[in-house]
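For reference, the structure is listed below as C-alpha cells.
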Amino acid sequence: MTSKKLVNTVAGCADDALAGLVACNPSLQLLHGHRVALRSDLDSLKGRVALLSGGGSGHEPAHAGFIGKGMLTGVIAGAVFTSPAVGSILAAIRAVAQVGTVGTLLIVKNYTGDRLNFGLAREQAQAEGIPVEMVVIGDDSAFTVLKKAGRRGLCGTVLIHKVAGALAEAGVGLEEITKRVSAVAQAMGTLGVSLSSCSAPGSRPTFELAADEVELGLGIHGEAGVRRIKMASADEIVTLMLDHMTASSNVSHVPVRAGSSVVLMVNNLGGLSFLELGIIADAAVRALEGRGVKIARALVGTFMSALEMPGISLTLLLVDEPLLKLIDAETTASAWPNVAKVPVTGRKRSRAAPAEPLEASVSTTEGGLTSKRVVLVLERVCATLLGLEDRLNALDRAAGDGDCGATHSRAARAIQGWLKEGPPPASPTQLLSKLSLLLLEKMGGSSGALYGLFLTAAAQPLKAKTDLPAWSAAMDAGLEAMQKYGKAAPGDRTMLDSLWAAGQELQAWKSPGANLFQVLTKAVQSAEAAAEATKNMEAGAGRASYISSARLDQPDPGAVAAAAVLRAILEALQSQGV
C-alpha cells in the first residue's frame, strides 16, 4: 500500500514544492524551464564567487532554504531522491556566469548520481570557458570500513554551505574557497538514527522495522543503515551514536575528544516531534559535555530531512575561532536558524527560583484546625480518590481521554507524600495555600488548575477569621474564581455543579447558631445529587462540550470526584467527633 501524501501529482510534486517556496519568498526566483531556484539579486554578485548546490527533492528545507546572502546563490533540484538533470545544472551555472561572477563552486553531496551529473555539467561549463570548481561532501560516520563509494553526504553539507557562503560574501576567490571548505569537510561527521522508514510519493516505505527496533546509520533517501538496534531511551541512543561516530576504530569517525571544540547540529529527519527533538538535543549536550567536549554552537531543527522519516541525525564539526566567525556570519537564508553567537558550554542554564514569601504567624482561633485533624481528613480524601481511580477513568473515557481518575490519584499521592514530610500547617489559610501549590505543581491537567484556583481564592477570606461564616465565604470565593477563569457555570456538566450545590447549602453557616454537621451533611448530599444530575445535562464547558454528542448518559467524572472529596471530609470530621 502506497503512502498518503498531500500532493497534486506524484510527477509534479518536486516542481510544486519549489514553486511554493519561491512564491512565498521574494528574494528567490525560478529559472524558466528548469527546476532551479536562484537569488533574486543575482546582479549584485558581479565580481564574486557564486555557490550552487542541490540534489534530489524530499530533503527540505535543503537545499533551497539555504539560498541567500551569506549562503547559496542557487540550487538545482531533482525529483524526489533523484539527482538533478545535467541540463538544469549547466543552465544554473550559465545564469550566474552571465551576471559577471568570477567563478562558481558546486557543493555536491557524495552520491553517485550527484557526482556524475554535477561533474558532467562542470566539464561542459569549463569547456565554455566558465571557471567552475566542485567539492564533494562526505560526512557520514556510519561505516566502520570504507567502501569505494566513500562516505555519503548528509546534513553536515549545510555547514559547508554556510562556511562557503561567508567566504564568498567576504570576497574570497574561487580557488581559496574550494581549498578551505575541502579542509572543513574533513573535520566533521554525521550519524543518523530512525524509528521507521519514509516513503516517496506514490511508493511504499523503503524498509520495515519491528516495533522494538531502531535503524542506525541510515542515509537520507530512506535506505537502510549499518545495523539495527533495540529501542532504548533517548540518552542511551545518543550515547550509542556518539560512541559510534567518534570511535577511533571507525575509519569514518570524526576525531572529537576531550578538549575539542565543536559545532553540534541536531537535525530532524522530517517526522520527529519537536518534543523528542528537544529531548535528543538535551541528551547530546549532556553527553558531549560529560566527555569534556566544548560545544561552541548548537543548531537544533530541521535542516536536511528525508521526507517524513521519524528520526534524527547528529553532526559534529571541529571548530576554531576563525571557523566560528564564518559560522556566525550574517545570512538571509530563510532556513538558517538565529543562533546565539556565544558558546553553549560554560553558560549558566538555570536561575534560582524566587524564595517563597515568609509565612505570617497566624494564631489558631475558633474554627482553626489541629495538625492531627488535618492529617486524618486529608488521608481520608486521598484514600477515597485512589479508590475511585478506575471508575473516574471509565466515566472520563466517554467524554475525554480517560485520565480523570489517574489525575486525581496523582493528586492523592502528591498529598500523601507531602504529609510524610512533616505536619501540615494548622492555619486554614496556610493549609489551603500549600495544597493549592501542591496540586498546581503535581496534579496537572485542567483539574489541577481549577482546584488550585479554588483553594488559592478560598484561602483569602480565612486570613482574618476562621469561624463558620468565614468558611462559607471561602467556598464562595473559590467558586467565583473557578467561574471567572474556567468559564463554566452551574448546569454546564462540570465539577462546578457539585461544588456549587454544596456552596449553596453552606450559605447557612453565615446564620447565627448554625450547626457544623447539619449544614455540611446537607451540602454533601446536594453535591452528590448534583453530580448524579450531570448525566442528564448537555455539556456546556470542558472537554465533553467538544465531542460529537454533547448529551451523555453517565455523570461527569469531575463532579463525581468533587462530591466524593466533600463526602470524605464530612466522614473524617464525624469520625473525630468534631
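A Cβ is built for glycine as well, from the same backbone N, Cα and C atoms used for every other residue.
TrEMBL labels come from automatic prediction, so no person has curated them.
The annotation active site, tele-hemiaminal-histidine intermediate is assigned in TrEMBL to His221. The feature substrate binding site is assigned by TrEMBL to Gly56, Ser57, Gly58, His59, Lys109, Asp114. If you look up TrEMBL, you'll see 9-336 marked as domain 'DhaK'. What TrEMBL lists as domain 'DhaL' is 372-571.
Neighbours of the substrate site: apart from Gly56, Ser57, Gly58, His59, Lys109, Asp114, residues of the same chain with C-beta atoms within 8 angstroms of the site's C-beta centroid are Gly54, Gly55, Ala62, His63, Ala77, Gly78, Val80, Phe81, Thr82, Ser83, Ile220, His221.
Shown in sequence order, Gly55, Ser83, Pro84, Val108, Gly153 are the residues of the chain, 6+ apart in sequence, with a C-beta less than 8 angstroms from the C-beta of Asp114 (substrate binding site). Distance noted between the C-alpha atoms of Gly56 (substrate binding site) and His221 (active site, tele-hemiaminal-histidine intermediate) is 9 Å. Farthest C-alpha pair in the substrate-binding residues Gly56, Ser57, Gly58, His59, Lys109, Asp114: 15 Å apart. Considering other CB atoms within 10 Å as the measure, the emptiest surroundings among the binding-site residues Gly56, Gly58 are those of Gly56. Cβ environment of the residue listed as 'active site, tele-hemiaminal-histidine intermediate': Gly56, Gly58, Phe81, Thr206, Ala306 lie under 8 Å away, each six or more residues apart in the same chain. The average pLDDT computed over the domain 'DhaL' (372-571) stands at 89. When Cβ atoms from all protein chains are considered, those within 10 Å of Lys109 (substrate binding site) total 31, not counting its own.
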